[in-house]
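Let me begin by presenting the structure, written as structure tokens, before commenting on it.
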Amino acid sequence: MTDSNITNLGRAFTGWVQRSLQSTQAAAASQNRCAAEDKAQSPAPKECPVCSYNEWDPLEEVIVGRAENACVPPFSVEVKANTYEKYWGFYQKFGGESFPKDHVKKAIAEIEEMCNILKKEGVIVKRPDPIDWSVKYRTPDFESTGMYAAMPRDILLVVGNEIIEAPMAWRARFFEYRAYRRIIKDYFNNGAKWTTAPKPTMADELYDQDYPIRSVEDRHKLAAQGKFVTTEFEPCFDAADFIRAGRDIFVQRSQVTNYMGIEWMRRHLAPDYRVHVISFKDPNPMHIDATFNIIGPGLVLSNPDRPCHQIELFKKAGWTVIHPPVPLIPDDHPLWMSSKWLSMNVLMLDEKRVMVDANETSIQKMFENLGISTIKVNIRHANSLGGGFHCWTCDIRRRGTLQSYFD
């Protein structure tokens, strides 16, 4: 190679190094500029709007459900297993249609008043979107119409700063989450964790198609044997079968919550939280909060008609177990999806304030004797759709910290 060729090669190499260096510097400058722009555009960190560890810390923000467009679910096997025989004709006749419109109109007015009272008590209230639940939908495994977005407690569980969307177990509630997505996305964008549990296919295999219920006696017998309409084909649960007490969360195996669903939740929340399965003498277990409602640190309402088989766990921990009085709701008042024990399905605003039905004077007196002031609201027509104050709400933020009440 001649001296001239060596000189030319050196110049070419020097030029390549200079160009590479310039390119690297430009890329770095661009990255720094983008990072600076991202930093400038990112909002300042905010306190997470979602934070709740139990059922009694001071309530600051809540989702309240809607009765608008509520539809009677089709009379499928899982609906039959969760409803009382005297209403089966109602479901067979009106499945897929609106609940009685006058009744729904009154329920809407009651819940609006409930929201107004919560706001006056200093609580921020959010509402799900109104949706036409009469629209028929089809998946590869089933077809159905919807039901409602009345009971956020059924579909949402807040644990700390995390919102967990329950998979549900009724086909009529498969798409219920859609009514809450706008709210949940907003919480997520402001720092909350958002988890959706595995969505079941709700194929026929999830249900015992021959579940033999003809009477209350049948229900008692099947429940005592641990037999439910939902199988262990895939995980399913309603959030309302869980109730929180700090690091300890209690759940029941029910017609809508199976052991696979419970195990998913246990693994998901471990090791920070302990999930305990408890059971009751209940012929129709579905949602724990009209059977066992924790209302304060070391204080629980336990339904006298449905005694808890593990109640000694609470007594040994020093808890006070309160048996609420018999409900006063009249026999002729329609309760299409629940029992009279919605009287104990109360919402604690804090340890010393409770929202309770204006008609249930006996339980009001019980609370007053406990030193808890009552905020009275009439939601009789809203009760007919399947829930009390606890069902109709999902507490998003309570002012408190994570503690253990069983150590």
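The backbone N, Cα and C atoms fix where each Cβ goes, and this holds for glycine too.
What TrEMBL annotates here:
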type     : residues : note
ACT_SITE : Asp238   : active site
ACT_SITE : His287   : active site
ACT_SITE : Cys391   : active site, amidino-cysteine intermediate
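Cα spacing between Cys391 (active site, amidino-cysteine intermediate) and Asp238 (active site): 11 Å, rounded to the nearest whole number.
Between the CA atoms of His287 (active site) and Asp238 (active site) there is a gap of 7 Å. Taking the Cβ of Cys391 (active site, amidino-cysteine intermediate) as centre and 10 Å as the limit, one finds 26 other Cβ atoms among all the protein chains shown.
Listed in sequence order, Asp154, Ile155, Ala166, Met168, Ala169, Ser254, Val256, Thr257, Met286, His287 are the same-chain residues six or more apart from Asp238 (active site) with CB atoms under 8 A from its CB.
In this view, His287 (active site) is surrounded by 28 other Cβ atoms within 10 Å of its Cβ, with every protein chain counted.
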